[in-house]
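Annotated transmembrane segment per TrEMBL: 15-35, 47-67, 87-105, 117-135, 141-157, 283-307, 319-339, 514-533, in sequence order. Taken from TrEMBL, the feature domain 'DUF4220' covers 49-350. Annotation comment: TrEMBL describes 484-505 as region 'Disordered'. The annotation compositional bias 'Low complexity' is assigned in TrEMBL to 484-500.
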Amino acid sequence: MGLSSALDWWDKWKLRILVLCSLFVQFFLFVAADVRWSYALRRLRVIVWLAYIGGDALAVYALATLFNRQKQQITTAGGGDAALEVVWAPVLLIHLGGQPFITAYSLEDNELWKRHAITLVSQVTVALYVFCKWWSGEKRLLQAAVLLFIVGILKFAQKPWALRRASYGSITSTTYSSSSPPRRGVMGEGINYSLEEYVKEAQKHIKEGRQISDEAQLETFNKDQAFALKDIYKMFLDLAAPYSVRLHFLQSFLNLDGGNQHKVLRRCIIAQFASIYTKERSLATSLGACSFLVLPFLALASVVLFAKSDKDGYDNKDITVTYILFFGTFVMELAPYLLNALFRHPLRKLEIQAWQDMVSQHNIMSFCARNKKPPTLMKLVTFSYLRDYINKHWYIRYEPAAQQISMLVRHHAEEDGWKEYIHDAATYRRFNNLRGEHTLMKMSHHLLLLEQDKLGWTFNRPFDEYVLLWHLITDLCLHHTSTTSTDNTTTASSSQSQDTIVESRRRRRSSEIISNYMIYLLFICPDMLIPAGTRSDLFMLACDEIESMTTKGESPSPLPDDETRSGIAQWILGMEQGDRRMVEAPRISEALRLARFLIDSLNEEQRWEVIQGVWVEMLCYSASRCRGYLHVKSLGVAGEFLTNVWLLWWCMGMQTLPDMVHNPEPPEEITAAASV
């Protein structure tokens, strides 16, 4: 009896629950659109993804239920009470149109616009058939339903249209077919510079330094923002920009300080996100703008007509549900309009909490420590695969150091590059290929590092191995007793000033953040680390070596009880180079040898100057070679800090992947570089 009554209740309330749940999901998607960019709410992304995936399925299922329910009502000749349900069909079409700020969740969603177009035709046909077949209401209610059908069909049609306009192929073809005229007041705009001429002009700008105030340059950028975003937009399509445009951006960024430079980059990234993952591109058209303005008034008119219509003979529960649906539809259509009017840009508020302020962090020693002594969450998981997944993805840390690291990148490009290293086209190309050589060469006056064949030979390794090696070196140096003792120093010694200690700590902190970020890219985003051939399994191979070393045989010194990251690193530092376990762990052995060389040969200040310099060069090397497509793809899940570095590197006049592909080195430069 209990089960039978429950089934009867569900049969009666099923459609009401489905349409209300569909409305709730749409409200949730509207409110939660910013979750993808919020650091504090990052754990909720999976819920937003489920709502995005399930929202369409729920609305389609509700339409199918409505269709079957009306057939049953006619068969049983009891359709009077359920006639009002037919008006819910256009509301479900509106739900299928989705939300303006979360049109696509991933880049691949835009490529499915044909599937959504087919869904549009089929579901509109079903909704119209249900309404025309079983409608038996009065005139005003019919008018309200017609208005909602107009809203639903227009909004649903916007979705495949917006997805198509934001698809990668459509954007590329549109960009190729359109050309912008030269800008007024931009010196050299439209001039075709050669690389040699570009380098000379860039050096003139560098020598001239800041020409206008920081505030004036920021105001100039705001006025010229449309052109600037269009030029940067081409970067995300892997299109090389003319050198005249590059000079304009270089001059502009030289006039910006670190804070405003970071704001400009963040604004550019948010603009690219809006054009790819929201309806911004479709709303920018005349048809899109008209529908954006008209739909709220049509929804309001339907609410008024329903309120004035005759409701005698309808179920009170259905009347209540209809009021909720109609008024909820009006609110959802009006809310984007109000946000656009208040913020003048639908995503302007994202600047307050942009994800690009955070730098993702992973660490091999911490990963191994969690495997040896699992946290509570990992203990609760019984399946080894799921435990490994949690260890890999759940314990990613985030440091608010984007602006700090960006300043190091700018200093490297401006001071080390334009002012010191670059003199002509050949040195310009060589500087863009550096991944630590320049730093070690600068430090050669302290020690002949390259001649002693201790560190210089590592440049011949594949880049992924190089990142892994220096990550291990950095971690071992971080946990050496000389480094930890400096942390406990409260007063400056006779040989070191307090300023020197502070600077050394700053470099050490920056080195640790970049090191953990680069190993994060190797482990989590290997495609972004280097264009092709990155082996993410190197991370696990190094972990296996560490776990093998700490479990086989008798330890020369016992591990600490907690087996923390620092404990494992200090234990490795205490091993003898001839220990047989080192033979079975070649990566750890090599990192230990080079870390000891740095510790023994350089003082604290010099050591972290070398490590920070090498990491900054590697970060720029990786960013400059990452495809624009991968940067666009990463924006769907809040983006990567590497995109900031990539844009900054480009704005500072350096090469990115399209420049390297479309402007290859002349044969004489390749021959000269090989002979050096």
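Glycine too: its Cβ is placed from the backbone N, Cα and C atoms.
Because TrEMBL annotations are produced automatically, they should be read as predictions rather than curated entries.
Across 87-105, 141-157, 514-533, the stretch most heavily in contact with the transmembrane segment (15-35), judged by Cβ pairs under 8 Å, is 87-105. Beyond its flanks by at least six residues, the transmembrane segment (141-157) meets 84, 86-87, 90-94, 96-97, 120, 123-124, 127-128, 131, 135, 291, 295, 298-299, 301-303, 305-306, 309-310, 326, 329, 333 of its own chain at Cβ-Cβ distances under 8 Å. Between the transmembrane segment (319-339) and the transmembrane segment (283-307) there are at least 3 Cβ pairs closer than 8 Å, counting only pairs 6 or more residues apart in sequence, which means the two stretches are in contact.
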